[in-house]
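Participant: The Zn(2+) binding site annotation in Swiss-Prot covers C96, H99, C118, H124. Per Swiss-Prot, the feature coiled coil maps to 131-223. Annotation source Swiss-Prot lists domain 'B30.2/SPRY' at 280-494. Per Swiss-Prot, region 'Required for interaction with GABARAP and for autophagy' is recorded for 186-199. Residues annotated as zinc finger in Swiss-Prot: 15-59, 91-132.
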Amino acid sequence: MASRILVNIKEEVTCPICLELLTEPLSLDCGHSFCQACITANHKESTPHQGERSCPLCRMSYPSENLRPNRHLANIVERLKEVMLSPEKGQKVGHCARHGEKLLLFCEQDGNVICWLCERSQEHRGHHTFLVEEVAEKYQEKLQVALEMMRQKQQDAEKLEADVREEQASWKIQIRNDKTNIMAEFKQLRDILDCEESKELQNLEKEEKNILKRLVQSESDMALQTQSMRVLISDLERRLQGSVLELLQGVDDVIKRIETVTLQKPKTFLNEKRRVFRAPDLKGMLQAFKELTEVQRYWAHVTLVPSHPSYTVISEDERQVRYQFPIHQPSVKVNYFYGVLGSPSITSGKHYWEVDVSNKRAWILGVCVSLKYNAKWNVLRPENYQPKNGYWVIGLQNTNNYSAFQDAVKYSDFQIGSRSTASVPLIVPLFMTICPNRVGVFLDYEACTVSFFNVTNNGFLIYKFSNCHFSYPVFPYFSPVTCELPMTLCSPSS
């Protein structure tokens, strides 16, 4: 009932021309009302007769000045719109919000469901319309396809979102690691500079103590000389002021003493050439540090493999080896250099490890080629440590003699016309400004190089073997020689 009343009211406030709710309604003398825009357009289309026009519905003539706004209808239209836009106030589900009729038609052009009054309105005039039942299945299929497509796109979007989150997390980790590495490397640089500064200051303090000690001794000598002068002058003054007997008594000895007096000049060091401070080669230090940092990226986990238990002792963690003289054979003369190999074997790539040789008076380390782990544990003489024998090593002997072991040369290479083919061991002396407590070994298999670094001295290069011929698998090599102090493989964090 309420719906029917609402429809009747809508019919009363619907424009006969556009069939829509009245907009700015104008009323004629005949009582009919129209939208201001509709009646104005109608006036332009019709031919006026002596300034009069006719109503589009009843054709009753009226003067154009008699068009008057109908406020009452305008208010009704506003109230009606409020009711139509509020479903809880009376609008039925499935009914046109504008006309209150059932939504039974579908406008293909607008893609909306409409009622029969909407179909006849100017807004939908000429449009293709269908019963909703006729097009529902077609659009349901389309929407189902669209739904599947959107679900797939949603999955893709979620994956992209997850990828971005993962990349973001990865970047955060990388940046955090880079920050840590940068801080660590610059700390190492500062430590290097602090160490160099400390050494220079210590040298300066030693120089100061030495010079001041000598100057104090010189000052003491000058004080004794001055005191002896004072004693002699006092004796002369006493003789000159006393009697003749006092003047002449022992005068010859006094004169001889005066004649033998020689003024000793103090020992000074102004003209001595003292050590002039020179800033350390920071460029070289930084370059060495950069090279060391670069090769340390290839740090390998190396362990020791027992090869001759009678003369070498390996720790339980297989990272330390020391020499042990056989207790049951104390009189046996040791003719061999006993060593052990490291694991794993190397057949490609870049590998780096560090060895602590602190306080040892002798050691040999590097790499060697071998067909099996225990094939080359004994070397008869240090001269046999040669690349042609499969050894690329350096070592320390007699506490201070550092050497690299190169291939031997023949006497005939030095003596013209000599027929001798005897070999001269080529042991290359290595000069260390700072003795290494820790040695880094870097093997580049493809480049055929083996390099040794003095980690104790800021990573300066000790020696480098080039053009190495690796015909078999390569093993790290360690020989404690005959020194009972251990050689220890270092960890990256140590």
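Cβ atoms are placed via backbone N, Cα and C, with glycine included.
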Participant: If you count Cβ atoms within 10 Å of each one, which of the binding-site residues H99, H124 comes out on top?
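Facilitator: It comes out as H99.
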Participant: Tell me the coarse DSSP state (helix, strand, coil) of H99 (Zn(2+) binding site).
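Facilitator: Assignment for H99 (Zn(2+) binding site) reads coil.
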Participant: With DSSP helix as H/G/I and strand as E/B, how many residues of the zinc finger (91-132) fall in helix, strand and coil?
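Facilitator: Helix, strand, coil within the zinc finger (91-132): 9 helix, 11 strand, 22 coil.
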Participant: Determine how many residues of the region 'Required for interaction with GABARAP and for autophagy' (186-199) DSSP places in helix, in strand and in coil.
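Facilitator: Reading the DSSP string over the region 'Required for interaction with GABARAP and for autophagy' (186-199) gives 14 helix, 0 strand, 0 coil.
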Participant: Other than C96, H99, C118, H124 themselves, what residues in this chain have Cβ atoms within 8 Å of the centroid of the Zn(2+) site's Cβ atoms?
Facilitator: R98, E101, I114, C115, W116, L117, E119, S121
Participant: With every protein chain in view, what's the tally of Cβ atoms within 10 Å of the Cβ of C96 (Zn(2+) binding site), excluding that atom itself?
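Facilitator: If we count other Cβ atoms within 10 Å of C96 (Zn(2+) binding site), we arrive at 21.
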